[in-house]
Structures are given as C-alpha cells and as structure tokens.
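Below is one structure; the comments refer to it alone.
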C-alpha cells in the first residue's frame, strides 16, 4: 500500500542486471556454507514471500491513488540513498549489510518472533542481503520514471490533506497486507503447513559459533544469465527499413486521434433498449434539457472527486482496461488516416443515356419460298406417268333432321317415332362362287372401301426403284453346278439297270361342299342320321379320314333335340355354310405323293451291301442242311403277315373295309390312318429288301385268297 510498484515504461536493462547479480550472490553464499536444515529453509521462504508481497503492489488509475503513489515516492527519496557497488566474483563479504533492512521487515520480525528463533546466524546474513537488494530495486524504479512522478505532482495538489496525514503516519505503517499475503500462502500450500508442524516437534536448533570452511572450488557461472539480447526495435539501428516507412508516415499525420469507445453501463444499455417503447417528447424541451445537463457536467468536471481507495481486484480490472485502450490506440496510430475511395466520385456522376439501337428486320432462311433451298423444297406427289396427284375432296357428312337425331338418341329408351326405310335383304351367294374372305361378308354392311393409289403398287415395284436386279446362278439350279459329292445317284438293280420310279397313286377327286358339310356336322346331328350316311366308294372314306382324322368319337350319344331348338340348329347350319363357302376347294399337295425313300436318297448315298445268305457262296456250311430240306422243318407263318404282304398288290382299304362295315365311321377313319402309316413304313422298307418282296409275291400267288377277298369282288 505504501510503496508503488514498477512502472511499465521503465527499461528492462537495470532489472536484468540486478537479477544477474542477485543470482550470482545467491550461488556463492550457498557454496560457502549455507545450512540445509528444514527450519532454515522455512525462515528464508517466509522472508522472501514478505519482501515479494511488499514489492508488487497493484496499479491504480484514479486520481487519489496517483497522489498516494507520488507522496510515497517523495518520502523514499528524502531518505539517504544507498550506493551499490559491484561485488567481486570472489568471496562475498559476510555481515556487511545487516543494517540496511527496511522498517517493515523489522516489524514483521517482531510479530513473528516464535518463527525466527529457528533461523541460524548464517541464514540471517543471507536474508539481510536479499532484503537490501530488494530495497535497491525499489529505489531504482522511481528514479528511472522521473517524468511520471513529475507529471503526477499537478494532480496531487487537489488532495493535500490526504498527503499530510500519510506523512505523519509514515513511521507507523501497518503490516496488515504482509500478514494477509502470508496467510494466503500458508492456506494455499497445505503440504508446507504439515511440514512446519513436524519441524516444530523437533525443537530448536543448537547455535553453532563455528564458521563453515570457505569455498575454495571453481567459480560457478551461468552463461544464460550473463548473455544479453537486444530486442528488435529498442534502438533505431535495429528497426527494419520497411517499418521505418510506416513510422515516417505516422509522424506526418497531424489529424486528431480517434476517440476510443467508452464502455456502456447498465443504465445506458437499459435506456438504449427502452427507447423504442417510450413515447417521443417534443423537440423544444429536449434541447433545453440537453443544454442544462451539458453545462452542469462541465462545472462538475472542474473539481476533483475524492473517493476511497478501490480494492485490489477492481484495480486489476481497471489496469487491464487501460492497457487494452493504449494498445488499440497504438495500433490505430500505425494505420494512419483513411484515404478517400477513388471510385466514390464516379457514383455521384450523372449516368449517360446511350442511344437506343436501331431495329433492323432480317429475312430468315425459309420464311419465303425464294429463300428455301432447292434440296429442301416440297415435291408434289406424282403418279406413275409423272402427273401430280390432286387432293381428294373431303366428303361432308349430311345434316340430319331433328326427327332423325331424336330417334337415334332415344333408341335405347323408347321405340323411335321415325322409322327407317326397310333395308333390302342381301343377295344370296351362289354355291359355286366363293368370296375371298369371310370378313368381307361383314364389311359389306359398312359401305364401299375407298381405293388407295399406293395399294396398287406392289412391293416388288418399290424394291426395283431402289435396287437393280441381277440374276445370279445359284448352286444346284443346273446339274453342271452341283458338286459331284452331292449329285443324286441313280438306283440300279443287281444287273446294273436303273430302277423305274413307282407310278404315282391315283389322285383323289375333289370333294363337294355338301359332302364336307355332312362330314363336319355329323357330331351335331342325331346318331340316326349318321347311320343313314352311305359311302359310295372306299376311296371317299379315306379322303374323309384325312380331313377329320383326329376327331374323337362321342362316348355318350345325345338324344333327339327338342322341337324348340330347331331354329338354333338352322342358324348354326347357316353359319357353317358361310364358313364352308369361304374355305374353297382343297388343292392336293405335291409333296404328299412323294415316297420317303426319295427324300432320304437326296442326302445320303444308297450303297448296296451284300448280306450274309443272299448268295449260295455266302451261306455258311452249318445252315446249308436247312436249305436241302426245302423248308419242311420251317413253322407255318401266321395269316397276319400274309395279309400285310398282300397289301402291296391290293389296296389295303378295300381289303379291310369289308370286315368293318358294321362299325361306326369314326372307328373306320382311325383304322385307316393306322393302315396308311403302315403303308408308308412298308414302302420305305421295300427299297432295301427288294429281293425278299419278289419272293414273297411269288408265294402269295400260290396261296389261295381268303373269303374276304371273294366278298369284296
């Protein structure tokens, strides 16, 4: 409280020198023979803490605090100054400065006598030297800051009474801050307090009058403390050239410094927020109040306010705010004044209106017929002769009268009053004339179809327009172009004569429409009518079997239809008649008459391989005795085989139809189909076994014909 702390403007050179000398002396004293007892360490720590507490006092920003600092510095300057001489690096002087202890140190020693008993004489000398050095530091600090002391004297004139009272009480300065700092340190370090209690139980240390032997070893030096590094910018020679230009620019600026924004209080913040809710008062009264408040504030600023000393926490906050303001001002000074924006005058200039562009109309390609290229012009459609086709006129629908419209709309609800003309019945189609399609009978009621000119052109003509026709001889069209491997070989006999092809079977006569309708509608009619049907020839029955081969016979014959269903039967008959007319006559397929042997011979070669037993030379001697018996030991062949061999010379349908006259026609058709299949298979085997067939034919001539053949003739 009584002594001010060091100012921030003081240079750091004397402090570093004092710190270096202090560390050098402390090392020498330890090497000479300082005791290492815990009681002595305790006393030294307490004295250093007290000296540090008195040396570091917080700064104050109010006028009263400045006056107290200045008066305290004056009282210190009135005391005789202590001259510090540079100590040699050799042995330090013992007991040279025991009398230079400050008054507050002696007062603290009297109050804490029970703690100082544990200190030794050698430890007292170390404490006295440290206290004297701390005193010299405090005396050097105000001497370096003489300008600040001189500036603060003018402020202290307003508080003379306070300064006089403090001069009288200078000799009796209280030691309360020291005690508070010691108590805080003792509270913070609970481990040290526990160690103090243990040390007190040991008792007082015995006084030893014997001096420790002097230290004769080498001098211990700390190279890091002895080196001095100059900070960049302390001297003018260390300032870089780039930063010198900034300093020169700042010196040339003579404008007023910007006012730092003042912190707003709670009342000002409430007034600013509540300004939107309060009603606005008249302007005349407000200006008068502002003038009166301005004059009163000026009058009050002339006098100096006297207030109590703020606590330490508030002092720290005020000092931090002052330092922040000073740092911001220093930064703002380095920036300089704001230069005017070169583009600001352009905004204020008048905008020049440009002349509107002239609109010119340009003709686009394709708007007129002249601008359309010849390649993209529409070509009119032409006939085969090259004449342009005229568009066909659209047929306009005839307007219906009101009565006709009402009749068409009310047809679903009521019988229309307007009756159309009775339509003429369509002419009956003759049975000889057959239409092209059954759908055309329905299309006649829709009207005539318009002919499209494009329909007349065939697809072949369209292809000829784009591609040229070139005749290429295909492989195999002529016998010369067929390769020898793929040429058909003529089938020859054993003698080398070519075999003549078999005569084609007799073609079936074309069937009449009535016969086909009767054959198709036999399932719909009664079974009595089925029995009445008679076939003239056996060949006709085979033709019917080809058309209706897979129709199954009805298992349950229906009874005679009731009389009410006669009309429906007639309608069905008429529909069947129309369908049968659309079918037309059946044309025979030329591929059906070809035997299967021809198809096979086209792909593979017919090679005759001699089989064992065909000649006498090839018969083994073991089986020759069978031929000598002339077939006496052979069993008789069944009649079924003979009947199958007879089918080659005689029509099988004629041979088998006599046994099946009593059966219904459906069974006959199924049996005929099976016989035809057997006929085809037998014909395929006939080419391979030609010699056997000749022998079998000779044997069949000798065998008498059965009774079935006699009945057929």
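Just so you know, glycine gets a Cβ as well, placed from its N, Cα and C.
Within the set 122, 143, 525, Swiss-Prot records phosphoserine at 122.
In Swiss-Prot, the entry for phosphoserine among 423, 549, 555, 580 corresponds to 580.
Taking 57, 526 one by one, Swiss-Prot attaches phosphoserine to 57. Every protein chain considered, the tally of other Cβ atoms within 10 Å of the Cβ of residue 445 (phosphoserine) stands at 8.
Nearest by CA distance to residue 403 (phosphoserine), out of the modified residues 410, 445, 521, 580, 582, is 410. Spacing of residue 580 (phosphoserine) relative to residue 410 (phosphoserine) is 40 Å (Cα to Cα, whole number).
When the modified residues 401, 410, 521, 582 are ranked by how far their Cα is from the Cα of residue 445 (phosphoserine), 582 comes first.
Take the CB of residue 582 (phosphoserine) and look out to 10 A: across all protein chains shown you find 15 other CB atoms.
Under the DSSP three-state reduction, residue 403 (phosphoserine) is assigned to helix. Taking the Cα of residue 410 (phosphoserine) as the reference point, the closest of the modified residues 401, 521, 582 is 401.
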